[in-house]
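Just below is one structure, and these are the notes that go with it.
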Amino acid sequence: MALQKKHAKGRLDKWYKLAKEKGYRARAAFKLIQLNRKYGFLEKSKVLLDLCAAPGSWCQVAAETMPANSLIIGVDLAPIKPIPKVITFQSDITTEKCRATIRQHLKTWKADTVLHDGAPNVGTAWVQDSFNQAELALQSMKLATEFLIEGGTFVTKVFRSKEYNKLLWVFNQLFTKVEATKPPSSRNVSAEIFVVARGFKAPKHLDPRFLDPKTVFAETVEAAPNNEAKVFNPEIKKRKRGGYEEGDYTQFKELPASEFIDTTDPIAILSTYNKLSFKQDRNGNVALAALDRMPETTEEIRTCCADLRVLGRKDFKMLLKWRLKAREAFGLPTKNTKKPEVSEVSEEVAEVESMDEELKIQEELQALKDKDSAKRKRERRRENELRQKDIVRMQLHMVAPMDIGMEQAGPIGQDAMFSLKPVDKKEAVSKISKGKMALLSESERRNQDSGIGTSPDSDSEESDEEEDYLERELDDFYDQYKERKSERDAKYRAKKSRKEYEDGEWEGVSADEQESSDEGELEEDSSDESDEDEDDSTPTKRLITDLDNEPSESGGLSKRAKNFFSQDIFKDIPGILDEPEPEPEPEAGGVDEEMVDVEEAPRAKESKPTSTKEPKKKTPKQKKKAVAAEEQSSDSEPDKNKSFEIAKRKQDDVEMWEDEDKRRPDGTYDIDIITAEAMTLAHQLATGEKTKYDMMDEGFNKHAFKDRDGIPEWFLDDESRHDRPQKPITKAAAAAIKEKLRALNARPIKKVREAKARKKFHTAQRLEKLKKKSDLLAADEAMTEKEKADSIQRLMGRATRAAAKKQQRPQPRLVVARGINRGVKGRPKGVKGRYKIVDARMKKELRAQKRIAKRK
Ligand SMILES: C[S@@+](CC[C@H](N)C(=O)[O-])C[C@H]1O[C@@H](n2cnc3c(N)ncnc32)[C@H](O)[C@@H]1O
């Protein structure tokens, strides 16, 4: 028989998990569900009494299954958290108070079903426990007889013990049908069994002895067994794995300790029996007496023998050792004794030992398996969590689908098994084709040394994962915080949307340079090799070719830099791109794009003088602008000498661009300086206080080379707010910018300007109309000159009157809010036309102001 798992986790079986899933407070819920499925008593009940109901899973099941508006009452020694549609209270079901409270709740009603799943506190001596359980079942039976309706059902838990049959007998007297069953959700190792007693007979008079534990569980005197005869000649018992021995329904089993010493299967005894006794009968027991006197039979051994069910592995081991010592003392064969003549017995002993070891191995194996599966489960759960989060982020448009799933770690992603990118990067193809495996392993070794590619031990892996998890959590919280902030802050929203519309961050040439330098390193290695392998001078081909762009070598610049500078905005900036003279095309705008040969670029440059050449004479103002232009061009100074590929644009695009391009007739840029820093810089450059080389020097500062890799976003965001380069400003520049802004603010807003323009336009239209009319009148030959003059005068008068009328809008009438007007809402009585309610003081003040104005 397998040993029962003692640790708590062994009890977290499928019913436990199911209960958690379904929201039941205990796995016991399934016991009632299964009992009800078999007997169907809940659906028929309108009133139910649940004795010993805590934590309340049976009440939950009852509330779910019973008809609506049913009365469910639950009682327990322990408090029960409220359950919808269930009345619960705390009480001891063996007390009179509990009986009275139930009566109070039931009023005149009777219960259709009484449930009892009580279990007294176990852990004391087994005998005591079993008796208490049976007594509790009888007690609940007593309550049932008082509150059950005739024909009602009583369900109770009992333990298979000596009292079991006596209890069954009582139930049979009071119910028409009594059945004992063990639902599948009840653990096999548990001795509990459920009795479903249906058809309560509801006798008018009940003999109190039926419900008196003393009478019901009265001991029947049994003849003492003759154990003495069995001590050294035990009958070989076949263990029944399927259940209980024929005719043996008792749970508590006691065995003389001498039999444990004598047996060939001590494990079976330890797992079947409850007690090893040292008690001798009246005739005495030689073996037991010897055992009792042995010095190895310590007090600890005696305590262990008293209740085998509460022992752990260590205790069992101790008992087994004690047995071996006793066997040695009694001259019985043990593993160590070498007596060939009692080979049969020694074989048996050996078998016992092997069983012990086998058990141990099995246990260890099981433990390993459990550990492994728990680890895998943890990993799976973590992965699922990550995936879930990614999906949520994607739904919130925080990440693109490219960043998750297949695209990243899939067939072509960076983590993919068949990804060619890393292989390609390291120029591994050439090395593999050369057969120089040593080189690859060398680089691998380097990686390993630096910790890349080595598999860290599981502990650090776990802590890394935990850290990653925490970081992700933090990132999520930060994202949520940003979302919340963006909802409140309009400025932040604008910033965010600007970010969203950005093309993507340009990391500058350095990132690519880094990449190329990496490549360079490897190339260096390979060049060493090529010294030896001179015949391998053929250029190596890359595994992956970029279909979007030309290879970077052709342009001299890195691919990303070239893409950046090939944008339209750089087209006309002199010194950045060496743009060739556009080829005269017969149909401009018809061709979209044409690649110009890279070699031709310098030639084109020669043919067209670039605007970087400074004009010989400049006014200070022009000089300032030119300096600004130069400033721009100096940014791309290092790229000047390199040849680019230039893409032609549509003619329309060029025109549009030229419209936007703010240039003065003399070719200089019309740049608006709007910050005090820019103004100061422009001034310094214009006065020669600073040169472009100074500016380049200043570009190499602590802010230019910040390493942002692996730094969390929230940190960068916060830092960027405070850690900024502070550029100097002069007082004059600050004042100039302030003035400029004031002028800008003084301008009317667009709507006002539009309204004024409209007014002007309408007046011009009216004048035009008048002019036409007067021309017609003047051309009329039928009219005399005087008539013509009068008519024109009238026309003009009408127009001026209309205009004057429009201008003279009557001022609103001021009505004082006092007397009958105090607190009036809406138009005051007797007031016509426009009005304004004012208080007396305001009226007085207005009058005074008018008087003063008149006097002036
Ligand atoms: C196995 S639990 C009952 C589980 C319950 N049927 C459920 O589904 O959640 C046994 C309960 O019996 C209770 N109990 C034991 N003796 C009791 C007594 N004398 N009066 C009331 N409740 C008792 C214990 O407090 C314990 O909560």
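Heads up, the Cβ atoms here are built off N, Cα and C, so glycines get one too.
In this view, Lys157 (active site, proton acceptor) is surrounded by 22 other Cβ atoms within 10 Å of its Cβ, with every protein chain counted. Mapped onto three states, the DSSP output places Lys157 (active site, proton acceptor) in strand. As annotated by TrEMBL, active site, proton acceptor applies to Lys157.
Taken residue by residue with DSSP, Gly56 (S-adenosyl-L-methionine binding site) is part of neither helix nor strand, so it is coil. Annotation source TrEMBL lists S-adenosyl-L-methionine binding site at Gly56, Trp58, Asp76, Asp92, Asp117.
Each residue in the compositional bias 'Basic and acidic residues' (364-373) gets a DSSP state, and the totals come to 10 helix, 0 strand, 0 coil. Residues annotated as compositional bias 'Basic and acidic residues' in TrEMBL: 364-373 (among others).
Positions annotated as compositional bias 'Acidic residues' by TrEMBL: 458-478 (among others).
Residues or ranges marked as compositional bias 'Basic and acidic residues' in TrEMBL: 479-492 (among others).
Feature annotation from TrEMBL assigns compositional bias 'Acidic residues' to 502-537 (among others).
As annotated by TrEMBL, compositional bias 'Acidic residues' applies to 578-599 (among others).
Look at TrEMBL and you will find 600-614 (among others) tagged as compositional bias 'Basic and acidic residues'.
What TrEMBL lists as compositional bias 'Basic residues' is 615-626.
Here TrEMBL flags 637-653 (among others) as compositional bias 'Basic and acidic residues'.
The domain 'DUF3381' annotation in TrEMBL covers 234-393.
Look at TrEMBL and you will find 364-389 (among others) tagged as region 'Disordered'.
If you look up TrEMBL, you'll see 434-668 (among others) marked as region 'Disordered'.
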- request: Show which residues of the chain containing Asp76 (S-adenosyl-L-methionine binding site), separated from it by at least 6 in sequence, have their CB under 8 Å from its CB.
  value: Cys52, Ala53, Ala54, Thr88, Gln90, Ser91
- prompt: So how far apart do the S-adenosyl-L-methionine binders Gly56, Trp58, Asp76, Asp92, Asp117 get, largest Cα to Cα in Å?
  reply: 18
Message: Helix, strand or coil by DSSP: which one applies to Asp117 (S-adenosyl-L-methionine binding site)?
response: coil
Query: So what sits near Asp117 (S-adenosyl-L-methionine binding site) in its own chain, CB-to-CB under 8 Å and at least six residues off in sequence?
result: Ala28, Lys31, Leu32, Asp50, Leu51, Cys52, Ala53, Trp58, Thr156, Lys157
Task: Taking the Cβ of Asp92 (S-adenosyl-L-methionine binding site) as the reference point, list residues of the same chain whose Cβ is under 8 angstroms away and which are at least six residues distant in sequence.
output: Leu77, Cys98
- prompt: What number of additional C-beta atoms lies within 10 angstroms of the C-beta atom of Trp58 (S-adenosyl-L-methionine binding site)?
  reply: 31
Query: How many neighbouring Cβ atoms, not counting its own, are there within 10 Å of the Cβ of Gly56 (S-adenosyl-L-methionine binding site)?
result: 26
Message: Averaging the per-residue pLDDT over the domain 'DUF3381' (234-393), what integer do you get?
response: 74
